[in-house]
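The annotation active site is assigned in TrEMBL to Glu219. The feature Zn(2+) binding site is assigned by TrEMBL to His62, Glu65, His156. Here TrEMBL flags 53-242 as domain 'Succinylglutamate desuccinylase/Aspartoacylase catalytic'. The feature domain 'AstE/AspA barrel-sandwich hybrid' is assigned by TrEMBL to 259-329.
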Amino acid sequence: MIIEEFMEIWDFLQQTLSGKVPIIKCNENTFLKWKWWDEGVLELIPHNNITQQTMVISCGLHGNETAPVEMLNKVLNTLIHGKQPLYFHLLVILGNPAALRIGKRFVDYDINRLFGINCYKMDKHQENRRAKQLEEVIKEFWKNSAKKIRWHIDLHTALRRSYHTNFGILPLKKDMYSKNFLDWLTAAGLEALVFQSMSSNTFTNFSCEIFNSNSCTLELGTAKPFGKNNLAQINITYIALSRLLSYGTILKQFNIIPQHYRVTQQLIKLSKKFVLHMSNNTLNFTSFRQNTLLAEDGLTRYFVQQDHEYIIFPNPNVSIGQRAGLMLKIEE
Ligand SMILES: [Zn+2]
């Protein structure tokens, strides 16, 4: 049964921010049926489910990164209100509703450093419980699926300004990333793709490592509160996402071909003595010459090893044990 009056008003983002369980947990329209799994987790199944590909799209892991949350919700509204068809079996995740409600990066701890680890000391953190829940959600979504082409797109905004405004981080993968996936990232307006060379504890690393999915963390512009975002700045990503989800199409006339980078080293904050030798205003993808002292931490010193290396996410204020920056080289 299609409950049309209800479909007119239901909004997944507002429902999630309310913190309430929805009165109606599943519904359908001409193109699809949807099912609310849990807070911030929604499954959409096309009636005409012909492709071998399934998709997970997440956003809002960091509660202050609201532009992609608003963008994804806009796409989602066209789907759940039956204005556009759905091409893929899709799982949508709002990663950290508690942090989204207070507009902060996290409540207790950065959730995007907590996937794929078991640490009983962290159980008191709400983000640790949420990360474990999201791991189970992904396992449940993919464990019974005969469809073997898996994509996971995790949408973020960066904390600082950048020489490449929109870029993606791709976790270390057992085999090659599919050409279609890389083409879609290009169509989505990414100016740089950063290929990880080691495992990490991000959400996309988890999906890629466990399910060998084509996974990417997208960094789109800079973080602003709800209502303050200029979605026109990420319109190219919105269009690419909307076309992909509704028709499975990837526009292949690219304005920009993204620069490829490979991670060379991580600057790990080992103790309170950690000092990062660069200004607070350092832009992402700033270049440093070989032998430049980047950071020191007691007797440990981090130097540029390649001819040139480029930094992303420099942040000396992370917790001890976390990365305070990632160094990259250009991949020829
Ligand atoms: Zn983020």
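Using N, Cα and C of the backbone, Cβ positions are placed for all residues, glycine too.
The Cβ neighbour count for His62 (Zn(2+) binding site), using a 10 Å radius and every protein chain shown, is 23. Glu65 (Zn(2+) binding site) and Glu219 (active site) are 10 Å apart (CA-CA, integer value). DSSP places the residues of the domain 'AstE/AspA barrel-sandwich hybrid' (259-329) in helix, strand and coil in these numbers: 0 helix, 38 strand, 33 coil. For ligand 1, the neighbouring recorded positions among His62, Glu65, Glu219 are His62, Glu65, by Cβ distance under 6 Å. Cβ-based neighbour count (10 Å, all protein chains) for His156 (Zn(2+) binding site) stands at 26. Other residues of the same chain near the Zn(2+) site, with their Cβ within 8 Å of the Cβ centroid of His62, Glu65, His156, are Cys59, Gly60, Leu61, Gly63, Asn64, Pro68, Arg105, Asn112, Leu155, Thr157, Ala223.
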